[in-house]
Every structure is written in C-alpha cells, then in structure tokens.
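Engineer: One structure is given below, represented as structure tokens, and several questions about it will come after.
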C-alpha cells in the first residue's frame with residue numbers, strides 16, 4: 001500500500017493547498033454524486049442525468065392521506081427506509097459544509113446540493129405535523145420477494161410513521177440532524193429554504209427528546225433491515241450537535257454538556273461510525289467545538305468527548321489499545337455484509353479530524369505515541385485508494401470507475417432493461433427468472449455506486465445473488481464525497497475551524513443568538529404529482545407584537561399535457577392575516593373557501 005508523503009505544511013493556522021496524485025479523485029467525485037440520481041424515487045426532473053431511470057413510487061403516501069412522493073431508495077431494493085436516508089443526507093451535508101469550496105472548484109457543488117435537496121424535500125413531506133414523522137414507505141419482506149424495476153412496482157407501499165404514542169427518538173433525531181446540517185448548506189443560496197429546514201429540525205428534536213423510544217419498536221417492519229442496535233441516545237446528541245452548528249444557540253451546546261456523560265457521548269469508546277452508531281460523529285463534532293474555543297463551562301466534559309473521538313481515530317489507524325481489524329490488503333474490516341460503509345465513514349471522520357488538528361496546530365494522541373495530522377489523512381487516502389482499485393484484486397469497488405469494476409451489481413433497476421428501452425411490464429417472479437438469475441452483466445451501469453466490497457481476505461465474488469458484497473447503498477457514498485473532494489482539491493488554504501459558508505451568490509447571514517429553546521415557526525406544505533405545488537416561507541416580520549409570515553407558492557405542470565384550467569383552494573389558515581381588519585376576515589374566509 002502506497003504511503004502518503006508528508007504534504008501538509010503549517011504556517012500559522014493556514015495550510016497550503018495540495019492535490020494528491022495517483023487516482024482521478026475529481027472523476028470519482030462526479031461519479032459518486034451521480035449515483036444518487038439512480039436512487040431517486042418520485043417524479044424525476046428534466047435535468048436527470050441517469051437516463052435509464054424514470055418516475056416511480058407516484059402513489060406513495062396516498063393511502064395514508066399524505067404526499068410521500070420522492071426521496072431515495074436505500075440500496076438495491078425499492079423501499080424507502082427513513083433512518084439510513086436521513087444519515088445519508090446528514091453526511092452529504094457535512095461533506096459540503098467542510099469541502100464545498102473544493103466541490104465548487106471541480107464543478108460538482110451544484111450536483112451535491114441537488115442531491116441533498118432531493119432528500120430534504122422528502123423529509124419536509126414526511127414531517128406533516130410537529131410530532132409526526134413518516135419513517136418508511138414499502139415493506140422489505142414483500143419487496144424482497146420481487147425483482148422489479150422501481151417503475152413497475154406492484155409491492156405493498158404502506159407508509160409507516162412515528163408519533164407520541166409510537167415514538168422513535170433515533171429516527172426523529174437523525175432526521176433533525178439531517179435538516180439542521182442541510183440548513184447550513186442552503187444558508188446563502190436559499191435562505192428561506194434554510195430557515196424552513198431549521199424549523200423542521202427544531203420540531204423534530206423536540207419530538208425526539210420529549211417522546212423517547214426506539215423507532216423499530218414502533219415501525220417493527222424495519223427490524224429485519226435497519227434495527228437500531230445502538231438505541232437513541234447517540235442520535236439525540238448528534239441532533240443537538242448539528243442544531244448548535246446550524247443555529248449557534250447555546251441551548252444545544254448546554255444539552256451536549258449536560259447530557260454527555262449520561263447519554264454515553266463521553267463514555268462509549270467506539271470503533272464504528274454508521275447509520276446506526278453516531279457516537280464517533282458526535283464526539284468529532286464536539287471536539288471541533290472545543291478546539292474552536294466554544295466549550296465554555298463545559299470544557300471538562302468536552303475534553304472527554306475529544307478523548308473518545310481520538311480513541312476512534314487511533315483505533316482506525318492501528319495505533320490504539322483496541323484496533324480495528326484490517327484485511328491483508330489494508331482495508332479496515334468489520335463485517336462481511338457491506339463492509340465498505342465502514343471504510344467510507346471512517347475515512348471521512350479521519351479526514352475532517354486531520355484538518356481540525358492541523359488548523360489548531362495539534363497532533364493526535366494515541367496509546368503508541370503522537371500522530372501527525374498528515375498521517376491521519378494518509379490513512380483516509382489509503383482506504384479510498386483501496387476502494388478505487390489499489391487492492392490485491394486490482395478491482396475498483398466504485399461502479400464505472402477504472403477498467404475493472406463489478407458488473408453484476410445486486411440492484412433491481414440496474415440489472416433490468418430500462419423501461420424507456422422496453423416498456424413491457426416486468427413481474428415479480430418474471431424479474432427473478434429473466435434478470436436476477438442471468439449471468440450477464442447488468443443492463444444499465446450504476447455509475448458511482450460503492451458496493452458492499454470484499455471479505456476479510458480481500459476476496460470478492462461478482463455475482464448478483466451475492467448481496468453481501470455486490471449491493472450498493474446511499475450511505476456508502478455519502479461520506480465518500482467529502483473525502484474525494486478533499487483529496488482532489490487539497491485543503492483550500494483556510495483554517496478548518498473557522499466558520500465555513502457554502503459558496504453561493506447573494507450572501508445572507510442568519511444567526512440565532514437566543515440562549516433559550518428556540519420558538520418553532522409554522523412549516524410550509526407542498527404536494528408532488530403531475531401538477532406540483534411547492535410552498536415556501538420567504539419572509540417574516542413582527543408588527544404590534546405579532547409575527548407574520550410571507551409565503552410563495554409555485555405551481556408546476558410536470559405532465560406532458562397542456563394545462564387548460566386549474567382550480568386552487570387554500571385551507572387551514574390560522575392567526576391574523578396581514579392587511580385585513582377584523583371586519584374583513586369574514587370576507588376573506590368567503591373568498592378563500
């Protein structure tokens with residue numbers, strides 16, 4: 001395995017930019033972001049680049065009286081699982097927050113932000129009330145009995161939710177984290193949307209914290225696929241950390257300080273960071289707050305968070321007291337089933353922490369001695385290079401990158417002929433008989449997908465039935481885009497501990513200075529279908545002690561038919577209406593009825 005030379009030079013708190021050689025990280029970044037377009041559910045936009053996909057899941061939520069069209073399929077099946085989808089969006093957002101400048105220089109920032117928004121648009125729909133969140137559409141048990149394109153789905157599309165009687169603090173907490181992190185991404189380019197996301201994040205955190213429980217005890221159909229083994233305390237801390245980062249509200253910093261010990265943030269020594277286990281992510285974010293000098297009276301507690309974060313880093317590098325297993329080829333290894341998810345998530349944490357350390361002129365303290373930030377980055381690079389082909393099999397585990405990549409990916413849409421090329425219906429068992437059992441390469445290349453990867457001995461069987469190794473997942477790619485942007489674009493010449501604002505025109509600075517629990521504002525609504533209606537809050541102001549909100553509504557004809565007439569109605573208005581006196585209200589209600 002190639003060692004990374006000492007390439008980071010310190011000058012005060014600034015770093016000289018450096019681009020790594022060997023692999024084309026820019027190309028890998030482009031492909032890894034494109035993968036998310038292949039996972040889209042709902043009405044696909046006109047600028048859809050993965051042309052073999054088409055609209056799907058267009059009735060999602062209808063039976064429950066809610067619009068749940070959109071979002072992402074998690075892997076090679078056609079189910080929308082809320083917990084891994086939310087983690088995916090959180091990690092995409094964190095990647096952009098840290099390395100958005102590098103993405104912009106490679107022309108990929110817009111695509112990355114579109115990928116985040118595809119997820120957050122869905123989460124807004126899935127959160128129709130403050131204490132209600134839809135956490136799954138479809139059923140893995142019935143879905144796995146069928147091998148169909150998403151466009152042909154005949155499986156059950158039941159929508160499952162959590163509420164005060166059936167709580168899910170881990171699901172609501174992770175979704176709050178996703179919304180808060182994404183609000184930072186859109187703060188300058190779309191401040192109204194950013195405000196909307198943050199409003200949902202506040203509500204979801206309150207819901208998660210007030211009504212505690214594991215989501216898979218409420219949405220039991222998820223247990224076989226995404227059981228929350230770690231519980232919900234890590235997601236509550238994770239959400240609080242992202243809400244503090246997004247709002248600068250002391251309430252959430254205090255939450256991390258008060259609850260760090262009791263909820264395990266300062267106690268758990270972890271060697272796994274995943275859609276289930278968030279502790280290393282929390283510990284890394286809180287370590288950042290400490291290095292930024294924001295800890296205040298919580299400094300002793302935050303020091304313990306930092307110690308556990310460094311335990312994780314040292315374990316990954318093989319420099320700790322309990323080290324992560326490695327394959328003979330050098331890949332970190334936790335389990336046979338989709339092991340690469342751990343390689344990408346660990347690499348991301350190592351990358352950002354190496355930059356935090358370098359920006360604060362510190363080294364990593366491990367049991368075996370001090371480790372320079374450049375060595376931590378070298379570890380991350382070694383894992384990415386392994387994935388891209390520097391391994392004993394000389395196989396790229398990113399589909400479409402390099403000359404030797406998996407051809408028989410365990411993915412329904414990729415393996416079956418595109419509905420655009422052959423619109424003939426593919427049945428459940430017909431798909432298994434004709435497409436799943438075929439020894440041929442997938443009909444459609446699933447560009448950018450990171451598959452499950454090799455076993456503990458670097459062996460890999462490129463077979464469609466080998467779902468443990470050949471199935472991709474969105475949460476494999478999400479952390480990787482940040483690492484690829486960093487390796488391809490260098491550091492960018494700035495202090496990573498200073499506030500980073502994602503590049504966008506018309507800068508708008510929004511910061512909440514209240515140290516109390518934030519007030520929650522009404523959340524706009526939207527509906528997708530052949531005629532989509534999207535409502536956004538664009539402005540708010542206070543007059544005579546009353547807060548008013550201005551909304552804009554965009555109606556889009558997404559069908560292929562000419563729209564000749566359209567009737568719109570407005571309902572569920574509440575509170576005073578700007579510009580109307582008390583005597584005008586009855587007239588307004590009549591006009592709006």
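Placement of Cβ uses the backbone N, Cα and C atoms for every residue, glycine included.
TrEMBL lists these features:
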type	residues	note
ACT_SITE	410	active site
ACT_SITE	462	active site
ACT_SITE	471	active site
DOMAIN	531-593	domain 'Carbohydrate binding'
SIGNAL	1-21	signal peptide
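Tell me what's around each of these sites.
Structural biologist: Within the same chain, residues at least six positions away from residue 410 (active site) with a Cβ under 8 Å of its Cβ are 76, 451, 464, 465, 466, 467, 470, 471, 472.
A C-beta separation below 8 Å, combined with a sequence spacing of at least six in one chain, links residue 462 (active site) to 406, 407, 408, 470.
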Engineer: Suppose you look only at the domain 'Carbohydrate binding' (531-593); what would the mean pLDDT be?
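Structural biologist: So the average pLDDT across the domain 'Carbohydrate binding' (531-593) works out to 54.
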